[in-house]
Ligand SMILES: NC(=O)c1ccc[n+]([C@@H]2O[C@H](COP(=O)([O-])OP(=O)(O)OC[C@H]3O[C@@H](n4cnc5c(N)ncnc54)[C@H](O)[C@@H]3O)[C@@H](O)[C@H]2O)c1
């Protein structure tokens with residue numbers, strides 16, 4: 001989930017919230033936010049977000065009577081913005097008690113944190129925390145009077161890390177961890193590998209609905225918005241190169257092309273390169289031209305990286321760029337553009353806006369670097385609430401599943417969200433579009449080897465991304481018979497995948 005870029009948060013106050021004495025209108029001081037008086041404004045922001053979050057709101061309504069999280073005591077550590085507030089309030093409505101901290105020192109919407117504190121949620125977060133404040137806030141959520149947490153909802157793995165290191169006895173009593181980010185999931189797999197993970201954890205980052213919406217559709221919308229906000233650029237007629245034609249790259253290409261850009265793609269993977277070319281050719285229009293970056297770098301007006309890799313744009317590339325070229329990154333980390341190589345004495349840096357730098361060469365040529373190579377969309381714009389609704393519904397269901405699972409269903413390991421729940425998250429959002437599913441007939445269900453109520457796809461099937469098992473025999477099986485019900489019914493593949501599943505999977 002992303003920080004919101006509303007520009008409305010007030011962080012001009014010099015006094016640290018830790019030094020202030022604040023109470024909400026019910027007299028509670030079990031929170032630490034920038035300014036509790038901002039709560040009314042924050043409440044309006046939450047109400048606006050709810051309008052665009054149909055799935056999580058539907059889940060709230062459907063499960064409110066059952067209270068599936070009754071008895072859950074959740075430590076939350078995520079971005080704190082209007083959309084996450086909708087999640088926090090949903091979890092409470094479903095019966096959970098929560099304590100919440102921010103997973104990022106800059107992303108908290110102060111007015112939203114105030115609204116949550118006013119509503120009685122122990123929130124410890126403000127925009128512009130120091131590193132020390134950051135850990136103090138998480139600590140306040142983990143270690144409090146009369147409080148033994150039993151679930152963690154993490155985005156980046158910091159709450160998990162702190163509890164494991166500082167409160168190991170408390171960590172042992174945790175029933176489950178739900179982790180949203182690539183980084184946090186990576187840390188969990190490392191813990192599991194080192195046999196240090198003593199509780200079950202669910203990787204919601206790789207659930208299909210989340211991946212599709214977060215990576216493809218959301219990036220498709222936010223690339224344009226963030227470039228416009230930061231540079232006021234006109235897109236029509238511009239030449240753009242998008243590095244990496246995965247989910248994020250596909251989304252970026254589609255919208256840039258839609259606004260009249262000539263789009264080039266760079267790829268290392270021949271399948272993605274072929275997809276790039278075929279993106280439009282079936283409609284009789286040229287697809288995206290696929291070239292190595294070196295061959296197009298002199299002509300392009302905008303460079304977008306979306307590979308998840310490092311040093312994709314090097315100093316050598318930047319030396320060749322033309323005057324005024326915009327350089328930005330959509331990938332997870334700031335390693336894709338070698339920004340460090342621009343910090344040399346002959347180049348001058350000029351800050352022109354809060355997230356925009358001009359880097360000027362001795363001959364006067366300048367390139368426009370956005371957010372110093374960090375994710376442009378999360379830094380310079382906001383993420384659609386609808387996308388967060390999908391992620392939030394996924395997180396809530398993962399918490400419900402881990403909290404209510406009978407003993408033995410999950411061991412101390414990292415799991416993907418069961419496919420059936422992934423499908424349920426999508427179904428929660430269908431009424432928004434007045435979309436109605438086709439029901440399988442008994443005969444069809446038998447033919448495909450499926451249950452009529454789902455899941456409709458095997459766990460390894462990831463709507464475009466195949467999660468490959470490590471076992472060679474299973475790889476062969478999937479390679480030769482993915483979805484070929486005449487030879488191996490999907491249900492059987494699924495069964496055999498599950499048999500071999502523990503620790504066998506590598507994630508692409
Ligand atoms: N900005 C956002 O809001 C957002 C959202 C989701 C994911 N992400 C991040 O974006 C990145 C890409 O995600 P994805 O889902 O598209 O991944 P992906 O694996 O589907 O796509 C990445 C593509 O880059 C290609 N690639 C790798 N190295 C390359 C190189 N040197 N040159 C050219 N192509 C190269 C790969 O072959 C692959 O096709 C990841 O870091 C991910 O964490 C960002």
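The backbone N, Cα and C atoms fix where each Cβ goes, and this holds for glycine too.
Remember, TrEMBL labels are computer predictions, not curated facts.
Positions annotated as NAD(+) binding site by TrEMBL: 246, 247, 248, 249, 250, 251, 267, 377. Taken from TrEMBL, the feature domain 'S-adenosyl-L-homocysteine hydrolase NAD binding' applies to 215-383. The region 'Disordered' annotation in TrEMBL covers 1-28.
Largest Cα-to-Cα span within the NAD(+)-binding set 246, 247, 248, 249, 250, 251, 267, 377: 22 Å. With respect to ligand 1, the binding-site residues 248, 250, 251, 267 contribute 248, 267 as residues with a C-beta closer than 6 angstroms to one of its atoms, given in sequence order.
Under the three-state DSSP scheme, residue 246 (NAD(+) binding site) falls in the coil class. In terms of local Cβ density within 10 Å, 249 ranks first among the binding-site residues 246, 249, 251.
Counting every protein chain shown, 22 other Cβ atoms lie within 10 Å of the Cβ of residue 247 (NAD(+) binding site).
Mean pLDDT for the domain 'S-adenosyl-L-homocysteine hydrolase NAD binding' (215-383) in this predicted model: 93. Taking Cβ-Cβ distances under 8 Å and a sequence separation of 6 or more, the neighbours of residue 267 (NAD(+) binding site) in its chain are 244, 245, 273, 276, 290.
Cβ neighbours within 10 Å of residue 250 (NAD(+) binding site), excluding its own Cβ and spanning all shown chains: 23.
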